[in-house]
Each structure stands twice: as C-alpha cells, then as structure tokens.
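Peer 1: Below is one structure. I have some questions about it.
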Amino acid sequence: MAAPQKGRDYRGFILLSILLGTRRGAWAGHILYSVPEEADKGSFVGNIAKDLGLEPRELAERGARIVSTGRTQLFALNLRSGSLVTADRIDREELCAQSARCLVNFNILMDKMNLYPIEVEIIDINDNAPRFLMEEMTVKITENTAPGVRYPLNEARDPDVGTNSIQSYQLNSNQHFSLVVQTGDDGAKYPELVLERVLDREEEAVHHLLLTASDGGNPPRSETARIQVTVVDVNDHAPVFSLPQYQVSVPENMPVGTRLLTVHAIDLDEGVNGEVTYSFRKITQKILQIFQLNPHTGELSTLEGLDYEVSNYYEMEVQAQDGPGSMTRAKVMITILDVNDNSPEVTVTSVSNLIPEDTPLGTVVALFYLQDQDSGENGEVTCTISENLPFKLERSIDNYYRLVTVKNLDREKLSVYNITLKATDGGTPPLSSETHISINVADTNDNPPAFPQSSYSVYIPENNPRGASIFSVTAHDPDSQENAHVTYSLSEDTLQGASLSSYVSINSDTGILYALHSFDYELFRDLQLRVTAQDRGNPPLSSNVTLSIFVLDQNDNAPEILYPTFPIEGSTGVELAPRFAESGYLVTKVVAVDRDSGQNAWLSYHLLKASEPGLFAVGLHTGEVRTARALLDRDALKQSLVVAVQDHGQPPLSATVTLTVAVADSIPDILADLGSLEPPADPNASGLTLYLVVAVAAVSCVFLAFVIVLLALRLRRWHASRLLQAAGGGLLGVPASQFVGVDGVRAFLQTYSHEVSLTAGSRESHVIFPQPNYADMLISLETCEKKDPLSIDFHECKDEAENIQQAPPNTDWRFSQAQRPGTSGSQNGDETGTWPNNQFDTEMLQAMILASASEAADGSSTLGGGAGTMGLSARYGPQFTLQHVPDYRQNVYIPGSNATLTNAAGKRDGKAPAGGNGSKKKSGKKEKK
C-alpha cells in the first residue's frame, strides 16, 4: 500500500494556514506517494484530506480537483473519502521506459487559487520477461581459428528496471565454447561467445548452442535463443575439370549469343574456397571479340556471327580458379561448318527525309545499294517494299536501286511514311535483311478551316451580364503550323441601325463570343451573325458559318393591370352589384397583361383579401369577379376586395388591385350611401360555415341510407337465388341442361341500372331505378317459378303470357351509346341503359335472338329442333315447342326505328302483336313484387 512520506510539520503548517485564513497561490511543499504499476482501477494511493489536514467534506466544499498538463489523467480524487485513487491501470514501462525512477507530478487545486503539488512514484514490478531480438543467431568461425577468440552475441531486452531487468546469461554445456558477460557503463550486460578448442569442419560442420537470459524478479523470468555456429572450411583442394579438353562443331550461321558448350570444374572445398570462376588463357584479341566465357557458369557463347570464309577452326585454353587462387587448365576446340550464313546488306546511299505533299509523280526520294558476301546463287539479291505505299523500286546500274513516287501524297492522310526495304538472297534456305527509312511529308496550305456544323444556334437568357461569354466556335484546319493557325472575325452588319459589333464581339484567337450589351427579349428576340475563320497560309484560305442567337425570355416583367384603373376625375372606381344578384353573378372583371411570353406571361388571379369572405370568388384564369352566393340583406353595402394577379415565371411576379363593390339596386342608392358605408364590425359573423356543414352532413346521411338499402336488396336477391338452387337439388334423374338454357337466357336478358344523383350544389337530388327489360316469356316463367320452383307448368305459363296485353312500340324510346348493338369494342358501358353492359353478354344475346327469330320465321332450323321449336326441343324435349313460349321478339327494339321483331307464325294465325308499353309496366310491377 502506498504510504505518505510527508512529516507532521507540513500538516501543522497547512492546518495553521487554514485557521489563520491565509490564501496563497501555491503550496510550497509537496506530498509524495508510491503505487505499484498494473494496480487495478480505483486502487488506493493516499489520503489527501488527511495529509493536508482537512476533513473529507472540506475537499468538496473548497472545490478540490486534480489538474495536470500534457498527460492522460492517471489518478482520481474521491471527494467523499478524501483519498487519491488510480483512474486506470498504469504501465510504468509506457510512462517512463528505462528510467530508474518513474515519478508522476500533478497538482490539487482548491479554492480556485491554491495549488498543492502531489508526486506519485510508480513502482516497477516484474511483469516483463527478457526478449531476444532474434530467436536464432548465426556465427561463422573458420576451422583454423585459434582458441580464446571472442564473438559478440545479440543481447536480450527487458523493459523492467532494477533487479527486475536482466541479471545473467547462461550457455548450455559444450566442449568448444564458453560464455563471458560484459557489463556496460549503463549497467547493461552483453554476452560474448569464447572459442575454447580448435574447430574441425570435417569433424563437425555446425554447432548448435542455447543462450538463456534471466532477470532478477521474484519469481524470475527468462528467455532462450538458439546459436548456430558454422565452421568455415580451409582451402586445401584445387579445382578439377571434368574433361581434359572440349570439342564442338557448329554451323557458321549460329545466331549470336548461342551457347556452344559448357566447361565444368569441381572443387571439394566449401564456401569461398569452393567457388570456381572461369576465364580464357593464352587467347588472341580476335577470339575475344568472337567468343565469350561466363565466369560463373562456364558457358561458352558467341559475341558475333561466325563466318566460315574468315576462319573455319578456333582453338583456345580456359582455366578454373577458386577463391584463394588455386587453378587448373583445359583446352577448347571449335570447328565451323560452312552454310549460307551471309544475309544481304542494304546500304542507303541517299534519302530525302522531307518532301512536300505536292511533289510531282516520278520524283526520286531515296537511293540505296544491295550486296551479299556469298557467291553464286547465295549472292543473288532481290529487294521489295510494301505494296500499299505511294512509292515503287526501280533498278539502276549495278546493284543500285532507287525509290520513286507513283501516287499523289496527302499529308493530312499520312504525314510520315516508314518504309521497310527487304533484301533476300537466292540461297537454300534464302536469307533476308530489312532496312527501314522514314520519309516525312511537308505541309502545303491546301485545306481551308472547316467548322463542324454549317450553322449554330445559341440560346441565351435576356438580361445577361455585359462582357459574359455566350458561345464558342471552333474551326479545324487539317494543315500544320502557320497553315493551321486559325483566326476568327465577324462580318459587318447592322441591327436596329447599330453595327453588330456593338452587340457581340469575338476573340480572334479562341473563337469565344462575348455579349457587349444586356439583351432584352422585349426589344429583339434574335440576330444573325456570320463568323469567318481564316488561316495564315500563303495564300490564306477561309470559310464562313452562320450563327443564330436567340434571346430567351425571363420573368422580368410583373403583370400590368389594365382594368380596373385607379379612380380619376369623373369616375368613382366603384363596381355595382344589385341586391337581387344570385350566385355566379358577374360583378366585374380584372384585366391584366404581362409583357413577357410563354409561361412567364400565363396569368392567374387570386382573391387575397375580402371584407366578407365567401361572398365573392375570382376566376383563376379569367379574372372574373362573381358572387359566390346569393346576396343577403345582412350583407354590407360596401365590399372591399384585394385581387392578386400572378404569372408563372421562376420566380413568379405579381401585382394587386383593390376593388370596391357597392351592393345596391340603383346608382342613386349608391351615391346616397357612399359616404356612410362602413365595413361590418364582425366579418366572420356570417353563418355560411354552419350552413355548409349542415348541408354536407345531410347529404352524407342520405347517401349512407341509400347504400344500406341497396345492400339489403342485394342480400335478399342473393338469398332467394340460394333457396332456388337448394330446391333444385331434389330433381333427381332430370338432366341439368333442361334448366340451364332458361336460366342462361334469363341471365342474358336481365339488366339492372341504378343512377344515383347526390349533388351538394343542387337544390334537389334524385334516385332513378330503371325497370329491368325482360322478355315476356321470362316474365311469365318467373311468375310460374314463384308458384312452385320445383314444378313448371308451361301450359299455365302460356295462358298467363297470352293474357298480357302488349302496348305498341314507344316512339320516344332510344338506345344509349352503350345499348346499341354492335361489336364489343363499340360498347361504352352506359350505366343507365337497359341493354346488358357486359360485352360478352351483349353479343351472346344478339346471337340468340337473331338465330331464334330466323328459326321461328322459316321453320328450318338445323339445331336439332323441329319447325316452330326455336331449336329448344333438343334441350327441353319434344313436348316443349313454341306453343309453350310466348313471342318475346316484340320486346326487341331496333335502334333508330320504332319497329319490333314479330312472329311470322303469329301473323299467319291472324294475331297482331300487342304494344310494348303495357308489357313493360307489368314487368316493372312484377319486379317490384
């Protein structure tokens, strides 16, 4: 545990100072504590309150706290107990490294002015073991080294200090080495390896030792490193060649650098004594230029080509030598075999490196000479060049060739021609060589500057800053140097009596155009320029391009209100609204214009303020001021309106106008009351909001009741159909197809339409339930089904159907667009019509009606039924004929006509078709039931 090292004298002095009320900037003494490193966080260091002669509560009262500079806070002050504790784990090696003493200084501040120095010594503990920088050390000693020689070893490192640092080194037991430890001025210990006996590499080439470093801690820590002692051999052997002499035969066309042979010598020694190097011995300077010997590998190769015509045999001597100098010798003999090894040579006599692109055809641009040192066919040489060049080869005298132009040159297509001259002899195999020459084409001014486009269009917003760049034109001249240097200019022209150069300028070097004025869209909207690009050739060439500048409109003009104008002499500036005016009455109209264009000139009108809200409304796009409701007696005579006119620019601009509307029946009433008009005391006293809320609630209730009734009717109909299906399940043995036909026709002919009109703004609402349009036969059948759903008497149904009086066709009846027969695509689906809305249902119904009518008319149906059966006998049996089914075609109407389909058989029987109106009424009654 840390203990204070301050005497009672200081405590008494501090206590006396406090009692006397003495306030000083800093305390002259200091308190020293000690704490071991790696102590846990919150470990007790010392009792600050006690050592300062204070009570623990006084530390908090006097605002005691730790102040330190330049270091992480290592300690904390417990104000409740008055003790100093560690704020975190402390590592002495990190704080003080190898210092013998590690002190941490800080101060305790109290009363905002008094400082009390505190010093804490960090006591080292043996928390680190020695460490060698290298786990394995290598020492090389020659085998003839005398005993007693010392070899320094790498020392170990221990970050601890004092007795916890390294105290000793030990070497494992062996016969040849011992260990000596030297101590430096700083107290560090350095181990040295001492040779005790002479080494013999042949006896033991490598010795393995162990070095152990230990510290003096409790308990002690240690670390071990390996030492490898390599015994270096003594040079007691000379190199020996594998062969006494080396022979090789090679062709004369052997490529340069080819390895001819490899000499090899062996030395039994090791290391430097066994490293053998090779070199020539007793050799001429000529051979040194032709052959080379690798001193390390012994490879013999050629430095240049061999030539049988010069020499067909070479003899030389090589030697092998080790490091200390022992050597041996061997002979090398090389025989050259004759082949066609001489390639043709091309010698360029003269060449024109730069020729103008307008050079005439047939001009000689190069002259060169061909030769081959071989004889006979091996010495016959031919020369060729690529075929896609504007040049050709012509043979001159002897072996001279010349290169001439055969096509016009164009520098813009190709400015440099790299020509390869290939010479080939007639040997077997033939040999060839290539020579490269470059010919540059000089430029002539044969191309005018060209613009990428024939014309340009530039769009700039109005109110542009003066001097700003608005566009850049660039013309490209494929020529070079001065012939390609382009300058730009503007052609002279006028605009509104002024020169164009006063509006736009152009940089002659860059082609950048600048606006010299701020353009106004309302003054002019476009201007045409002609830009000229000219090069500096001799003579100069030029080209022109048209530049159209379009000024874009900006929203820089606010709307101007033309009407109403400010009151002038002879006018009142008051608009009149009669007392009897209804909702929508046109009181006046605000007329405004905007000098801008496009959406910047699109105006919208808004009512910003009104003396009585909800009384007037302003048309969004028309500016018409109308009454929003009927005028009431309680409405004030004088109404003030503020109307804003705003455009659609970015940002939008607006203007406002104040309208005064007088509510009176005549002008004399206005003149009599103008002086006494006062705005109502409470503009919000109107009950318009209450009326609107009541109206909306009433309409909502009516609509909700209607929806509930409609759902109830639907559920009732669905329930009835379910009962019918359940009852039909008792018809055992009867095919389902006998009932499917009637139900299917009924489904196609049955349509319900409901129109509900609930308009909040109208004075009345209505609900229309158009009656379903059935065929009379199905009406009768429905009546029969209500009697007994499981037994159908078609005779009884027939009698009832015959008793139905059909009214004549209603001439006022019309099909809606959705009810008109036609293709499926022509149906618009009007919900108020009686024709089936479903496209498929409509087409099926038409097909059934027409087929049945045709069958009934001619009695020759091919659907399997007899005459007059409408093709139903096959479905319902032979006893079911048209006599049991009433004629429903009288209820089928043809659009655009008052005629109905009639039964031809009925006409023959003298039965006139009845009118359709009565039938429809009766059908409607049955539907209600």
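Positions of Cβ are set from backbone N, Cα and C atoms, glycine also.
Pulled these features from TrEMBL for this protein:
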- 1-28: signal peptide (SIGNAL)
- 75-132: domain 'Cadherin' (DOMAIN)
- 133-241: domain 'Cadherin' (DOMAIN)
- 242-346: domain 'Cadherin' (DOMAIN)
- 347-451: domain 'Cadherin' (DOMAIN)
- 452-566: domain 'Cadherin' (DOMAIN)
- 581-682: domain 'Cadherin' (DOMAIN)
- 688-713: transmembrane segment (TRANSMEM)
- 803-838: region 'Disordered' (REGION)
- 899-929: region 'Disordered' (REGION)
- 919-929: compositional bias 'Basic residues' (COMPBIAS)
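Show me how these features fit into the structure around them.
Peer 2: Taken through DSSP, the domain 'Cadherin' (75-132) splits into 5 helix, 28 strand, 25 coil.
Under DSSP, residues within the domain 'Cadherin' (133-241) fall into helix, strand and coil as 3 helix, 55 strand, 51 coil.
In the predicted model, the domain 'Cadherin' (242-346) shows an average pLDDT of 86.
Across the domain 'Cadherin' (347-451), DSSP assigns 4 helix, 53 strand, 48 coil.
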Peer 1: Among 133-241, 242-346, 347-451, 452-566, which stretch has the highest count of C-beta pairs below 8 Å with the domain 'Cadherin' (581-682)?
Peer 2: 452-566
Peer 1: Mind tallying the domain 'Cadherin' (452-566) by DSSP state, helix then strand then coil?
Peer 2: 7 helix, 51 strand, 57 coil
Peer 1: With DSSP helix as H/G/I and strand as E/B, how many residues of the domain 'Cadherin' (242-346) fall in helix, strand and coil?
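Peer 2: The breakdown for the domain 'Cadherin' (242-346) reads 10 helix, 47 strand, 48 coil.
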